[in-house]
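First the structure, then my questions, so here it is.
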Amino acid sequence: MYLYKVQFFPSCNARHVFISHIGTWKKQIAVKMNIFRLVGDLSHLLAILLLLWKIWKTRSCAGVSGKSQIMFGLVYITRYLDLFTNFISIYNTTMKAIFIAVAIATIYLIYFKFKATYDSNHDTFRMEFLIVPVGGLAFLVNHDFTALEILWTFSIYLESVAILPQLFMISKTGEAETITSHYLFALGSYRALYIVNWVYRYYFEGFFDLIAIVAGCVQTILYCDFFYLYVTKVLKGRKITLPA
């Protein structure tokens, strides 16, 4: 006998709610307990809270790219526009609200509260070189030509490259603080776990979202070099420094 159930996933828009067609009781239990997505969400949450804590604790945003944080803020706002119109679960709504609130708080600390410590001389990546092409791509390649869907697609594309100003800043200064390195590692781990999550969902649910998968793979590739430095230096108690 086949089982049909509506499956809701955390940190998603209502567009991701779909009917799962599952052939066995074991598969139904496996879908409910998608540990990869849960750990990915928690890794993502840890990353943004760690960065916020680092800035507040040190009273400094040195080494942090404000431009990357602005783009991540755009990612969360455009992705979660359905926050007040579609209720999926308490977990889902809470996570969306936290991501938006933490992003806004981080941007405030960088550009207002601790503006004097912001290293604008090294945070020189041109955001428009990413935002404009991503916006155009979202109009051209999406699942459905509606405002919410285009904005959701925009958020997926933008998230894949939003870390570039931070990586560019590290390349200019030649080093990254340990806490900043932990933040980047947690952020990269979140995306890597989501790739495993997509494989998992495809096997158990037959779910396949090419836009999210391609963008996620691009984002993970951008972190690969950093992952190597993190394992070979930070985990051995040394700060990341780049060769001159």
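Keep in mind that glycine also has a Cβ here, set from the backbone N, Cα and C atoms.
TrEMBL annotations: computationally assigned, not manually curated.
Got these off TrEMBL a minute ago, pasting:
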- 35-56: transmembrane segment (TRANSMEM)
- 68-91: transmembrane segment (TRANSMEM)
- 97-114: transmembrane segment (TRANSMEM)
- 126-145: transmembrane segment (TRANSMEM)
- 151-171: transmembrane segment (TRANSMEM)
- 210-231: transmembrane segment (TRANSMEM)
Could you tell me whether the transmembrane segment (210-231) and the transmembrane segment (68-91) have 3+ CB pairs under 8 A, leaving out pairs under 6 positions apart?
no
Who are the chain neighbours of the transmembrane segment (210-231) in space, where the CB to CB distance is under 8 Å and they lie at least 6 residues beyond its ends?
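Distant Cβ neighbours of the transmembrane segment (210-231) are 141-143, 153, 156-157, 159-161, 163-164, 167, 181, 184-185, 187-188, 191-192, 194-195, 198, 240.
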